[in-house]
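Student: Summarising the annotation, TrEMBL assigns transmembrane segment to 38-64, 363-383, 395-421, 476-498, 504-527. What TrEMBL lists as domain 'Glycosyltransferase 2-like' is 185-377.
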Amino acid sequence: MDWISSETSLSTRDGITSQIGLLWQQVRAPLLVPSLRIMVFLCLAMSLMLFVERVYMGIVIAFIKVLRRKPEKKYKWEPVKDDLELANYSYPMVLVQIPMYNEREVYQLSIGAACNLSWPADRILVQVLDDSTDLTIKAMVEQECRRWAGKGVNIKYEIRDNRKGYKAGALKEGMKHNYVKLCDYVAIFDADFQPDSDFLMRTIPFLVHNPEVGLVQVRWKFVNSDECLLTRMQEMSLDYHFTVEQEVGSATHAFFGFNGTAGVWRITALNEAGGWKDRTTVEDMDLAVRAGLKGWKFVYVGELKVKNELPSTFKAYRYQQHRWSCGPANLFRKMALEIAANKKVSLWKKCYLIYSFFFVRKIVAHIVTFIFYCVVMPATVLIPEVQVPIWGAVYIPSTITLLNAVGTPRSLHLLVFWILFENVMSLHRTRATFIGLFEVGRVNEWIVTEKLGDALKTKMSSKASKKDRFRIGERYKLHFMEIFVGLYLLLCGWYDYSFGKNRFYIYLFLQSMAFFVAGFSYIGVFVPNS
């Protein structure tokens, strides 16, 4: 009787398998194959857009480097000089704003750096905008401000009774104080940014001698880029942004997206653009676009760098990337028609803003990376009737990758890890982009990026056990979307290895491993509790 029941079970299983196979064949030809072909076509078109954009910027940056077109050659730059009659009044009045929120680890560094800026003491005003909810930290920040005030620094400690508008709300509130009316320019530094003492001496002259310039932005320098593999990957991505995207925008259109920190605004330009708005999570980009549409020019000074910190935990990095991907897409939704209807800037600049700055870089770049390389290409393994041409599968992505890597030549040996990591992050960036475009869900989510300052080094050396020192990632944290995509890629890789002819399985196995590493939080650094 046992063998009869066993045969019955096997026949039932075979029947279910054959039914699934029959259903697959029935759906495959009329539905899946045409749909996948359309997806391949759309992804190839987006890849071409991104390819042309990257090549264009590569050519422009090559000319900039060969011709040595520094901003000092394009714009008038002379140091602000002392005047015996005017005394320090020959120097414009500068406001330095430092917005912060529960910044226990870095508040002393940022306040100290701002108070040590080389500028006449009676012509600079440091404004600490503290939105902290931790009363202990708030007291520490206030005490630090009092300490510097005791040294003769003109420093103001400002708080609000709510966090409306988050950073944008704090900056907007800070501009309302009467003493700000005395200032000509405002320099902005996030709480983990530490400008060198000559920052104002090197940036303010662009604004003083060029009345059409509304913003001077400088480059970021990452103090913890060697902390772990996660920070090295971030450095590669951000270095391209600063060495290529910002340089090209400044040189060709006198426009780029303000990075929200390490920049100096002409207060007239800021006010004319409508001031700070909290309608998106990228209030800095919002302000830059509005000021650009008013005709103000921006200058990027890549040789001047301000030290800051990269997120060193995967959790913090995910939140940051959600904000940086969702915000631009949401801003594009809100401003596309306004840009198109603007009459103060040229048609060429409007096309650049809508197509290049927003559509290709902020939307297409995220979507095509995930949809094409993590969904569509693996699907062609299961449906071999649909083929991706070799130029779309190999040549274009290889060229784009190499052009992206030029910003960080010291990390070329990590290129494979960077590709796999960027594909993993494209999952979150794509989701955030759609949230911003359709204005749903977490569209206005704002979580301040965690900064560790010297805390990580201290804790790892003094309080962590030997076992903890080698732990990485978030303890017991699973990310199911990454795990699901990893399983999908593993399945496609196994199928290609067993039955396919494309040899995609090498890439698919590596990419699935990368998704699993992120899915099980085995990435970033582990910070032991105090």
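Yeah, the Cβs are placed from backbone N, Cα and C, and that goes for glycine too.
Bear in mind that TrEMBL entries carry predicted annotations, made automatically and left uncurated.
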Student: Give the nonlocal contacts of the transmembrane segment (395-421) in its own chain as ranges (CB under 8 Å, at least six residues past its ends).
Tutor: 47-48, 50-51, 54-55, 57-58, 229, 232-233, 235-237, 239-244, 373, 510-511, 513-514
Student: Taking residues 6+ outside the transmembrane segment (38-64), which of them lie with a CB under 8 Å of any CB in it?
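Tutor: The answer is 243-245, 247-248, 251-252, 356, 360-361, 364-365, 367-368, 371-372, 376, 379-380, 386, 388-389, 392, 396-397, 399-400, 403-404, 406.
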Student: Could you pull out which residues elsewhere in the chain have a CB under 8 Å from any CB of the transmembrane segment (476-498), counting only those six or more residues past its ends?
Tutor: 315, 374, 378-379, 381-382, 424, 427, 504-505, 508-509, 511-516, 518-521
Student: Determine the mean pLDDT over the domain 'Glycosyltransferase 2-like' (185-377), rounding to the nearest whole number.
Tutor: 95
